[in-house]
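Peer 1: Sharing a structure, written as structure tokens. Questions coming.
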């Protein structure tokens, strides 16, 4: 091969790597900015009696350290209102966002949304420094933030789907989708630094980060392979007469690059973006959308309520029983020894283990689904196993630090694995479905429909948790288990279709 032809071969790989890194950083910053609210909740309404005597002589209130308006007995309901202000706006905006994402330059759309997300995240934290105690201020900020954050997911999935074909999409996107858990972990750690001293900075710093990443995205993100003279990927199963564009020779790449540079893309040749109803008619979109509704309900309930659950369960156990439960294991690491005290920061740090499990679950689900070709079956099996694991975590998860760590990681993997697979590889598969006949103008719309439907569950989960938790945390976990079972049942038709396909393949192989 002549040396002059080697650079074009490396060009698509470098751009694909750049796209993965940039979109990974983008959505990591999105989740990094969403996580602080769950960490700060326990600081807005802490156990004031554990902090010592009331320093305010003009008040005998036992809630002197709480932040109004969250200092009343209805604080859980108010927290639920904050969560739903964001999540309902996010769910409604997501269905609209995909339509705009197909018709606007993704780079402008994504970076603009990130800068606005940073602004509204920071405004929430400025409520601390401006001494704002009006509930409607925080709710309006949450609504605005929920709307602008819908720019993220359809855009990043469309960008990755434009660059990667179907062959190893599940594994690649499984690793790439760890941005959700990485963002949650970083958001927890960053928020935890200031949660006990100046909780406003727990929002301002993530807001600055997401805005800065948005500016970087504006200057460096490449939306389509054709924009830089690269071959588009293969989005459907090849026939015997087709070649994989990702596996072409260097001379072919060089030739195609030359041809494209001489013949730029004609706007009139681009297919029209698919309609909302047209996207719903793609086989599997409705089933996976409804499944994600319940899967995301479980995931977001953990996202918003897990730190508070850890704090509350620790207080319920009482100091003596808690000390016995953690005796002998407290010196494993500084983090684990502090976790025994169930403070706001320590509970937030411990909750990151759920997201560590989510990283492993997403990679595992993608790898298995690529190998088996059964996206729905992989999701269904993980959801079936997740239900008893949630029951066990609620009943034995606080018996010791080792048990708590193991259960959090296992539950995180089983809960977030199907959620990650559906929102990434499945969305990209359906957005480039063979029934579209090569029209790639459906990725953003299909992704928005699936994630928008899932976001309805994300809004319902924290709301139901806020309403049910006063009756006992056991009832919250029963609700989560029921949601897992429903998510599994909704995939039954697709699972049966995949099983029949496997049986037919085995029969042909034996014949």
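Just so it is clear, glycine is given a Cβ too, placed from its N, Cα and C backbone atoms.
In TrEMBL, annotation is done automatically, which means it is predicted and not curated.
These came from TrEMBL, pasted as-is:
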| type | residues | note |
| --- | --- | --- |
| DOMAIN | 22-500 | domain 'Major facilitator superfamily (MFS) profile' |
| TRANSMEM | 78-101 | transmembrane segment |
| TRANSMEM | 108-130 | transmembrane segment |
| TRANSMEM | 136-164 | transmembrane segment |
| TRANSMEM | 176-195 | transmembrane segment |
| TRANSMEM | 201-222 | transmembrane segment |
| REGION | 239-270 | region 'Disordered' |
| COMPBIAS | 248-258 | compositional bias 'Polar residues' |
| COMPBIAS | 259-268 | compositional bias 'Basic and acidic residues' |
| TRANSMEM | 285-306 | transmembrane segment |
| TRANSMEM | 376-393 | transmembrane segment |
| TRANSMEM | 405-430 | transmembrane segment |
| TRANSMEM | 442-464 | transmembrane segment |
| TRANSMEM | 476-496 | transmembrane segment |
Peer 1: Which one, 108-130, 176-195, 201-222, 285-306, has the most C-beta pairs under 8 Å toward the transmembrane segment (442-464)?
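Peer 2: Highest pair count goes to 285-306.
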Peer 1: By a Cβ-Cβ criterion of under 8 Å, what residues six or more beyond either terminus of the transmembrane segment (78-101) are in contact with it?
Peer 2: 34, 37, 41, 44, 69-70, 72, 109, 135, 138-140, 142-147, 149-151, 153-155, 158, 273, 276, 300, 304, 308, 444-449, 451-452, 455-456, 458-459, 462-463, 465-467
Peer 1: Taking pairs 6 or more apart in sequence, does the count of Cβ pairs under 8 Å between the transmembrane segment (201-222) and the transmembrane segment (176-195) hit 3 or more?
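Peer 2: These two segments touch.
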Peer 1: When you check the transmembrane segment (136-164) against the transmembrane segment (285-306), do you get at least 3 Cβ pairs under 8 Å, counting only pairs 6 or more apart in sequence?
Peer 2: no
Peer 1: Does the transmembrane segment (176-195) come near the transmembrane segment (405-430), with 3+ Cβ pairs under 8 Å (pairs 6 or more apart)?
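Peer 2: By the criterion, they touch.
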Peer 1: Is the transmembrane segment (405-430) packed against any residues at least 6 beyond its ends, judged by a Cβ distance under 8 Å, and which are they?
Peer 2: 153, 157, 160-161, 164, 166, 169-170, 173-174, 176-177, 180-181, 282, 284-285, 288, 291-292, 295-296, 298-299, 302, 336, 350-351, 353-358, 360-362, 364-366, 369-370, 375, 378-379, 382-383, 385-386, 389-390, 392-393, 396-397, 443, 446-447, 450-451, 454, 484, 487
